[in-house]
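Here is the structure we will look at.
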Amino acid sequence: MSKVTSSTLLKYKQEGRKFTALTAYDASFASAFDGEGIDVLLVGDSLGMVLQGHDDTLPVTTAEIAYHTRCVRRGIERSLLIADMPFMSYATPEQAMENATALMQAGANMVKLEGGHWLLETVTKLTERGIPVCAHLGLTPQSVHVFGGFKVQGRDAENAQRILDEAKALEAAGAQLLVVECIPASLATAITQALTIPVIGIGAGATTDGQILVMHDVLGISSGYIPRFSKNYLKQTGEIRSAVRAYIEEVANGSFPSADHTFN
């Protein structure tokens, strides 16, 4: 079984083949997800909420992401492994280089950073030095206090255009993937069509090249608020591996996300 790389995902986009991603934080779940065919695994700073019990992702450290990245790496053979760069771990290009290096040495294939125009220099410098970058636009959880909560972004024309412009600029700067979160489906479509690189959506409609969800939502073990864009696949299948297969199948055939999981 050949390993998934950024080139694999680019080929999928060119062929119109949808791909799937999930968060993972340990070797056991990562192995199960990898074995069922999940293309991308993300060691997300979401672990601050779903594992550590925080109200947001801000307390997570680079050392914690590196620890979980090492755990996940030991459990996978095929999936592309992305590691989140936590809050304020990439405030300057120099800081980003140091922390991204630590995550790559922990086993990541790529690092993910939240932000737009202010990140362009950092993206270019990381890419030039051999560290692949996945950018993240829309609802960027590390900016939750700036947004005034976890809110859909890009609903008005001005902000939609800004997000589209930032997506193009990040691609030009060297980003190899882009995650768009909680934006209107029409904006996600425009971004996906405008970019050559693959676009992964979460709460962004069905037209993006790939979909990502938090594993706790897919397995119905999240506590408290359940995002509208998520779906509990364990409820309909009764078994973890079957739930993962159902998620993959529904993304592939276009039935997930449906209108119920999408913002306008």
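Backbone N, Cα and C define each Cβ position, glycine as well.
3-methyl-2-oxobutanoate binding, as stated in Swiss-Prot, involves Asp45, Ser46, Asp84; the candidate among Lys13, Lys112 given for that site is Lys112. The Cβ of Asp45 (3-methyl-2-oxobutanoate binding site) has 29 neighbouring Cβ atoms from other residues within 10 Å, across all protein chains displayed. Listed in sequence order, Leu42, Val43, Gly44, Asp45, Ser46, Val60, Ile65, Val111, Lys112 are the same-chain residues at least 6 apart in sequence whose CB falls under 8 Å from the CB of Asp84 (3-methyl-2-oxobutanoate binding site).
Annotated Mg(2+) site Asp45, Asp84, Glu114; additional same-chain residues within 8 Å of its Cβ mean position, judged by their own Cβ, are Gly44, Ser46, Thr57, Val60, Met85, Pro86, Phe87, Lys112, Leu113, His136, Pro141, Gln142.
Other Cβ atoms within 10 Å of the Cβ of Glu181 (active site, proton acceptor) number 23 in total over all chains.
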